[in-house]
Every structure is written in C-alpha cells, then in structure tokens.
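Student: Below are the structure tokens for one structure; questions will follow.
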C-alpha cells in the first residue's frame, strides 16, 4: 500500500460513498481504542486461568435479574408494613416528683432524694431506662446548658420485703441539662441492661440544680421509666427464630450442592458464601431467648461478637470480591492481609466498645459510654476516619475491576451482579441508619445494639430482612445449576480467551450444551497469536488444574 493511501483522511469521500467512509472511520477509532486497552486490560500472561464451577448466575437472563430485584424490594416493604402494623418497640410510665414528694415529706425540690418504685417488670421487657426532664415556671427564658450530678442507688425487691443492692453502693455521674424557651430536654439517669427482679426501688438525688432553680424556678421533675414492649419482644423472638431456621436450611442446601466439587474449584464468591452463612446464623442470634432469662454476661457478649463479626466480614467480602475477580493469585500476605488489617481495626475497636459497655452496665447502672467516657468521641472520629479509608479503597478496587474485566463475559457478569446487589443493600441500610440515629435519648452503642433507638418495629424488621435476604440471594445465584451438579463440569475464566467475539446467544447456547453434543470450537486469535475456545472441562481430566 502506498504512503498516500495509508494517510487517507478519515471521512474523505471515496468510491464507496458516505457509508464506507463512516465504516472506515469507525474501524480506525476501534484500532486506536484497542491499542489503548492493552495498557488497562489484562493479558493471559498476567494471571493464570482460573477454574470455576458454572454458577446459576451464568445462565440467568435480564428478566430473572429484574425479578430477583423486584422480589428483594417487595420483601423489604413487606417488612416495613409488618413493623408499622406491629406493636411499638417501647412502653413508657411517667412519675412526677411532686407526687413522689407527697409520699415522703423529707424530699426537697429539686435536690431529692426521690424514691421510685418501678411497675411490675418481666424478662420480656429486656431493659429499663429512667430519664428525667425539668419543668420550670418561667417561660420564654433564654436557652442554656448546665451540668448537674446525679446520685443513683438501685435495689431489687424480693419476696417478703427483702432487698438486694444492684451494681454496688450508689453511683454518682454528671449529666448535662439543656433547656430552651419552651422546655428542657430529658436526660438519662440510669439504665439496667438485665432485669433480674420484678420490681426495683431507685433512689435518685440531684446536686447542682440550685442555680437553675434560682433563675428559672423548677416547678417539677418528670421521671419516665422506659422498657421494651413485651409484644415487640415476642415478635422479635419469632422473627429471629424464623431467620435462624431459614439460614440453617439454606446452608445445608448450599453445602449439598457444592459437596461434589473440590474446594480448589470453588469460585471466590462460593468460598465466601460458606463463611458468611454461619456468621449470618450468629447475627440472627440463636441464643437470644437465653439473653431474656439470665443475668449472665455471656449472652450479651456473644450477641456483640456475632453482630460485629458478621457486619465487618461483609465489609471484607466486598473488598475481596472486587479485587479477587481480577487477581487469581490471592496470597495471604499480599492479598488478604491489607484488607484484614483495615477491616480488623474497625472490628476490634467496635467489639471492644460493645463488650466494655455491656460489662460496665452490669457493674454500674448509671454508666453510659455516650455520656461518661471521654474517649467515646475519639472512638467515633477514629471509626469514621477508618470507614472513609475503607470507602476510598472500595471505590478504587471497583474502578480497577470495571476497567480490566469489561471484556470478559463470565467475570463481568459476576462483577456487575456483585456491584448492583451491594449498591441496593447499602442504599437500604443507609436509609434505615439515617432514620435511626439521633432520634432519641435511648441511643445505645451503635454496633452492639442495632435496634435500640428505633421508633417502631418496622426499622428493626426491615434491617434484618435486608441483611438476611441479601445473603440468601447471593447463595442462590452462586449455587451450581442442576445440570452442573449432575455433570461436574468446570469453566475456565481465561483473560486471554474471554469470549470477546461471542454474542450473548452463543454464550447461552454454550452453557446449556450436554455431553452428547460437544461444543463447537471456533478459532480466533488471541493478542499473541494463540487460538483457543472456551469450553467446559471434565472434572479429573484437566491438565491445567491450579
């Protein structure tokens, strides 16, 4: 070809007309793009071919993906409606300081002491909070914030008028009183995480309210006793029990479908599912009923361990999938160790705070991390900073994965499904979290108690439904098809022969081929002149095993 012809303008008017010019221009741009993709798309010599079991995801069409998404969203809204129609999560009982003072002439306003006897409590009420709110005569005063001290002594009332001191002899803590021109905000006086007795006698004495009384004339104090609604607790027990049974059944079905294959042939998603399912079982807390009937420290500690372990294992799972799909050499030091260190630091900090809060609440009824621990704000800042690093790393791995795997049909299908499902779950969970935190004074540790400050059971049901259904959907799409289970076929995800020239119809036809009809072997050149075809491999007769 002459030099002049090789330098022909891109959109020149040739003998073939306008359509030929556009076609040649498109081919020219395609060649330029192909040269560029060599620097961002992997070649076969970068990574070894990876054997993988044919998953149900490979044979699903767009309609099935849409159906799964619709079912997932429908279950989420069904859980919301069930929670809205169900009982309230908490019940309240209020007592006025003036009423308590009439029963005890020695009580002074506003210092006290105030002697409060709780209504009858059962194990289904789970926990007890007592909050206090000042009522002043002066209206329209300026907004102010004052600090006072609260001395709390709690006694459990037993039979025959016997009493037993709970948490030791008296506990004094500082509390912050915030008032505006209308009213004063309530503040927590004490919290019992375990209810051992049917009645409690709580003695409360305030110091430091004299200045507020002189300027704004404290007229009364409202003490509010807050517990879980027994009807909600009963619904929670059955809801957890349902998910425990469902998780066990799905785990058994998944293990039965995978037992015919060697562990070396499992994909990275299937290996993670076998880890996430037991953690999900712990997240649903099969020993929750034991927590209601004992004051032992073991059940709440196990609850904190189960919840934190599952949540942070899910964060680690998202990182490993985005990175593992484009890197088949997954060594413990170079691949897993950086991710484990990042997520493990958050997990250890959250678990430590959760366990310390559980133990301190049993030792001291007036203890609260949010109000009494100077390091709580530092912990929050540390956790938010680590979470920001995690998000940046996750986005980086996702962009790298989409840049390198977009031409590999099988792997790209896994990548797209993983990304879409993760985004849907994150959106639903973030919407629940935003609606939950900061809504009331009952905020507990934001990892150990995922549902303490819910206004209704709908948020609790929606959160657990999203988490459980997400893992169930992953288990379904990563399970081998029935034909794959019978034939023990494996597929190779080879970056060099990534079905670039195959259409979706050809891919689907290849996946449903049987042993009687051997797959066609179209030859096409790889980037280095090799020719190969993507075909099922018979287990035990492949020389390219990992």
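Keep in mind that glycine also has a Cβ here, set from the backbone N, Cα and C atoms.
What TrEMBL says about a protein is an automatic prediction, not a curated fact.
Pulled from TrEMBL, these are the listed features:
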| type | residues | note |
| --- | --- | --- |
| DOMAIN | 112-228 | domain 'TMEM181 GOLD' |
| DOMAIN | 229-481 | domain 'Wntless-like transmembrane' |
| REGION | 509-546 | region 'Disordered' |
| TRANSMEM | 66-86 | transmembrane segment |
| TRANSMEM | 237-256 | transmembrane segment |
| TRANSMEM | 272-292 | transmembrane segment |
| TRANSMEM | 304-325 | transmembrane segment |
| TRANSMEM | 337-356 | transmembrane segment |
| TRANSMEM | 379-399 | transmembrane segment |
| TRANSMEM | 420-438 | transmembrane segment |
| TRANSMEM | 458-478 | transmembrane segment |
Student: Quick check: do the transmembrane segment (237-256) and the transmembrane segment (304-325) share at least 3 Cβ pairs under 8 Å, counting only pairs 6+ apart in sequence?
Tutor: no
Student: Other than its close neighbours in sequence, what residues sit by the transmembrane segment (304-325), given a CB gap under 8 Å and a spacing of at least six beyond its ends?
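Tutor: Distant contacts of the transmembrane segment (304-325): 268-269, 272, 275-276, 279-280, 282-283, 285, 335-336, 339-340, 342-344, 346-347, 350-351, 354-355, 358, 390, 393-394, 397-398, 400-401, 405, 411, 414-415, 418, 422, 447-448, 450, 467.
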Student: Which residue counts does DSSP give the domain 'TMEM181 GOLD' (112-228) for helix, strand and coil?
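Tutor: Counting residues per DSSP class in the domain 'TMEM181 GOLD' (112-228), I get 13 helix, 72 strand, 32 coil.
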